[in-house]
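See below for the structure under consideration.
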Amino acid sequence: MGQAGCKGLYQSLFDYKTEKYVIAKNKKVGLLYRLLQVSILTYLVVWVFLVKKCYQDTDTSLQSSIITKVKGVTFTNTSELGERLWDVADYVIPPQGENVFFVITNLVVTPNQRQETCAESESIPDALCYEDSDCPPGEPVVAGNGVRTGRCLWAGSEQKGTCEIFAWCPVETKSRPAKPLLGEAEDFTVYIKNFIRFPKFNFSKTNVLDTTDRAFLKSCKFGPKDPYCPIFRLGSVVSWTGSSFQEIAVQGGVIGIQIEWDCDLDRAPSECYPRYYFNRLDNRFSENSLSSGYNFRFAKYYRDAAGVELRTLFKAYGIRFDVMVNGKAGKFNIIPTVINVGSGVALMGVGSFFCDLVLIYFIKKSHFYRDKKYEEVRDLEVLARMAESSQQSVAPDAAGLAEQPEVQDGVGAQENGCVCRQLLQPARSGHQGNGKVNVEQLQNLQTVEA
């Protein structure tokens, strides 16, 4: 038994197995199969190749450089500063022209500060006191302006006072103006120059229109009529985010300028151009929120005639612009093309699998199709003996089988060439009418069982 098993295993190594195809004459299933094929083919051609361009090799490691230049002047007349002309050196921080720049739109000015002792601001909770012991000397005021001296100062007849501090005095006490100081900054312009490079394809590009007209950048402004001009009006940039410049100029805000590059290098380089998107990044929906707006402080220092150091403190409100760049480039490559075509062809098998499920499980005659698709041959040894005897005497055995009456279940073989009904039934049904046994069919069944 062991040798027979090893021999059978050895012989099975040289067997070839192939699928059996059953043609089902069912219009509904056939229509479903064609619809699935058309859907998969449409997805492959339209979405994979035309929309996503999966036949291309892509590069997303974008190398970028940003240069910004703001231009514009305005005039103000205030009690703290008097008459003053503001140009780009006054209201743009930092002046280097990087990818992040800040434009001042509103100011709180505290002039002529010097280092001496004075009362801390009443708006600071940690500075409130009732007696001198509430102001331990040498300790800084939390979120305050200086260091405590040990004295508690009262203003008039009030029961609660503030600690005396050593600081730049007088301390800042004024509130933010309700009207922006530099509201005319709405008409200022910014020139955004962007250089990009895709290292995989050694492709470089800039967002400035390639032209020999020297007056182009002096007269153009970005807009629907001139999308290739990199000069933007600040008021327009803010309005494209859905905000009002005069409102955001009061307490400041953050605007994002997104430059998107999507280059198809199978086309001409002139068709690779940027698209601009504008968004407000700070919390614009909560006008009374503490997190809304944008401001910071800076000072300008000088000395008086006696050599005492003084400074003017500025609390600047304004708009911060963040210029962000991203993108990708694509170029035809045979490797992703072959991979995606192979994936699409593999998807075609999904249609066959789905239709098989419908055919053998969900339609009315599913049992009939299931029997045709899956055939079982249980006793290979009996089938082999029957094939050998059929080769020796095909005609006599076939005639005898045609005249043999049906054998009841459970009855064994009675004569040479007579087997149980369970094994002969497929042969009879396949040759009903002529009474002949097809030897090749029996051999094929033997091959299927193997």
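For all residues, glycine too, the Cβ spot is worked out from N, Cα and C.
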Which cysteine out of C220, C263 is the one TrEMBL pairs with C229 in a disulfide? C220
Identify which of C6, C54, C169 is listed by TrEMBL as the disulfide partner of C118. C169
Based on what TrEMBL records, which one of C272, C355 is disulphide-bonded to C263? C272
The disulfide recorded in TrEMBL for C129 goes to which of C54, C152? C152
Out of K71, T189, F296, point to the one nearest C118 (disulfide bond) in space (Cα versus Cα); all of them are binding-site residues in the record. F296
Within its own chain, what residues at least 6 apart in sequence put their Cβ under 8 Å from the Cβ of C152 (disulfide bond), listed in sequence order? C129, Y130, E131, D132, D134, C135, G161, T162, C163, E164
Just to be sure I understand the packing, how many Cβ atoms besides its own are within 10 Å of the Cβ of C169 (disulfide bond)? 18
Please give the greatest C-alpha separation between any two of the ATP-binding residues K69, V70, K71, T189, N295, F296, R297, K315, in angstrom, as a whole number. 24
Closest by Cα to C169 (disulfide bond), out of the recorded positions V70, C263, N295, F296, K315, is K315
Spatial neighbours, same chain, of C220 (disulfide bond) - Cβ under 8 Å, 6+ residues apart: D226, C229, I231
